[in-house]
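Student: I'd like to ask some things about the structure below.
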Amino acid sequence: GAPEQQQDGRGEPKPLWAGSESRPAPGGAGQPSSQQRTETLGFYESDRGRKKKRSLSDLSLLRFISAELTRGYFLEHNEAKYTERRERVYTCMRIPRELEKLMFFGIFLCLDAFLYVFTLLPLRVFLAMFRFITLPCYGLRDRRLLQPAQVCDILKGVILVICYFMMHYVDYSMMYHLIRGQSVIKLYIIYNMLEVADRLFSSFGQDILDALYWTATEPKERKRAHIGVIPHFFMAVLYVFLHAILIMVQATTLNVAFNSHNKSLLTIMMSNNFVEIKGSVFKKFEKNNLFQMSNSDIKERFTNYVLLLIVCLRNMEQFSWNPDHLWVLFPDVCMVVASEIAVDIVKHAFITKFNDITADVYSDYRASLAFDLVSSRQKNAYTDYSDSVSRRMGFIPLPLAVLLIRVVTSSIKVQGVLAYACVVLFYCGLISLKVLNSIVLLGKSCQYVKEAKMEEKLFNPVLTATPGKPVSKPQSKFKSTQGISTDENGSTSVTNQPVHQKENLPSLLVTSNSDQFLTTPDGEEKDISQDSSELKHRSSKKDLLEIDRFTICGNRID
């Protein structure tokens, strides 16, 4: 064996040629000879050679294959990573259910606002006109001839009637044959352009209508800062008419796709939905941006259902209302609906995956929509519910209602007493459906608001300010006055009509930060950040309850 090395006094190993008792003399005596050095180096080289041969023998092919077959690892060494991946899979599996629950609730909200135009709006206009006509009999008890809500109802009714008669000058048959004579690629481009134009019209249209309503109901004591009610009214009529024509062209293009022989245009139009996935999935989304896109999807799906109804009515009219032809259209209708649902599910599943958003956020979105419905029933409500849906989802029911009335009146001929009796019964059925839908939605909305613990937002303090003076901040968030009425038993009421408040004292609602995902409004964030160190470094985000603008494709707005 190799000789044992000894250590010197400093703890360092002695050379092999140094003895245990002898030390090299200062004059060079005791130094190893060249022969001893050669023997020692040869010993080390032979030892390294033996180790190298042994390592080369270990790298044989059989040993490599054996190591690959028997090699093991333990997943629990990175437990957090694999747990997160599993939760992502479970989130993607929950997305279809949570998304469809939101879509189902949102579609019925749009249906409620859409039925309002056909059922309650004519009755409200009739009551407002009756009040205006009989006002001299009762005397002028108020400075206003009509309440602001009644003025808005009359404006909506007049716009609806004028645009309906203007639509009679648009020939649907000529438009159909004009579109049918175009090539497939040209129609595909036209359909994409129409979708973009519809979103732009929806984004700007509600502003035009809101400007008209506020100009018509603004207190007269204030300094005039507008161009007048008549110009705003003509702008609103022009907008509703142009938007109705735009939707008619969309419906006509879809009708041409349904009636094409090889269905190539319909296939191309449906594939366009999957292009939407590419434009949305790989973008950064926050919760507020996803909420805007969800509202846009709800509006788009409901609009597609109405367009399919218009297409079916036009086709059934051409085939003399033959029920057998309805089954011919049924597969194409199912394909359009199924492709829309599949695209929404895939899009939302991957957006939530890439942005680490949980599926529970859709419950928060649903609670925010429910809060809009509940708050519109309060006494201090500042808008009608149909207008609230328009602002939130970009769904404006007036142009779509004008087009549907135009198509129904041109497709169905009413002749005789029995036909008019059927029309009256159908109208009563629509009113019953509207009332039933409103009752169910109100009950569900109260349930969703209670589950989200948003009841305190209904009791927010109302701040008042005189014109020209800034609004002072509340001294305490918890000193509030109830904004809704209470009966004798102490139960709150959210279904009463709004009361007339003082004209020159506009109310301002203060939002609370009860929900974790909701942040404070931009106007109050600066003051709150000075008072609370916890909110000092919070980024400025908009409250979900304040998002009332329709954005194109739900893209992020910085």
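Cβ coordinates are placed from backbone N, Cα and C, and glycine is handled just like the others.
Automatic prediction, not curation, is the source of TrEMBL annotations.
Since we're looking at a predicted model, the values are computed, not measured.
So TrEMBL has the following annotated:
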COMPBIAS  473-499  compositional bias 'Polar residues'
COMPBIAS  509-519  compositional bias 'Polar residues'
COMPBIAS  526-540  compositional bias 'Basic and acidic residues'
REGION    1-46  region 'Disordered'
REGION    468-540  region 'Disordered'
TRANSMEM  102-119  transmembrane segment
TRANSMEM  153-170  transmembrane segment
TRANSMEM  233-258  transmembrane segment
TRANSMEM  395-412  transmembrane segment
TRANSMEM  418-443  transmembrane segment
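Map these features onto the structure and tell me what's around them.
Tutor: With a cut-off of 8 Å between Cβ atoms, the residues of this chain six or more beyond the transmembrane segment (153-170) that come close are 117, 121-122, 124-125, 128-129, 146, 212-213, 216, 233, 236-237, 240-241, 244-245, 248, 398-399, 401-403, 405-406.
If you look at the transmembrane segment (233-258), the same-chain residues 6 or more away from its ends with a CB under 8 A from one of its CBs are 155, 159-160, 162-163, 166-167, 170, 172, 175-176, 179-180, 187, 190-191, 194-195, 197-198, 201-202, 204-205, 208-209, 211-212, 265-266, 269, 303, 307-308, 310-311, 314-315, 329, 332, 396, 398-400, 402-403, 406-407.
Sequence-distant contacts of the transmembrane segment (418-443), counting only residues of its own chain at least 6 positions beyond either end whose CB sits under 8 Å from a CB of the stretch, comprise 108-109, 111-112, 115-116, 118-120, 373-374, 377, 494-495.
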Student: Six or more residues out from either end of the transmembrane segment (395-412), which same-chain residues have a Cβ under 8 Å from its Cβ atoms?
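Tutor: Hits for the transmembrane segment (395-412): 110, 113-114, 116-118, 156, 159-160, 163-164, 167-168, 172, 201-202, 205-206, 209, 240-241, 243-244, 246-248, 251, 298-299, 302-303, 306, 309-310, 313-314, 316-317, 386, 389.
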Student: Residues of the same chain, at least six outside the transmembrane segment (102-119), with any C-beta under 8 angstroms of its C-beta?
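Tutor: For the transmembrane segment (102-119), the nonlocal Cβ contacts are 156, 160, 294-295, 297-299, 301-302, 305-306, 344, 362, 365-366, 369-370, 373, 385-386, 389-390, 393, 395, 397-398, 400-401, 427, 430-431, 433-434, 437-438, 440-441, 444.
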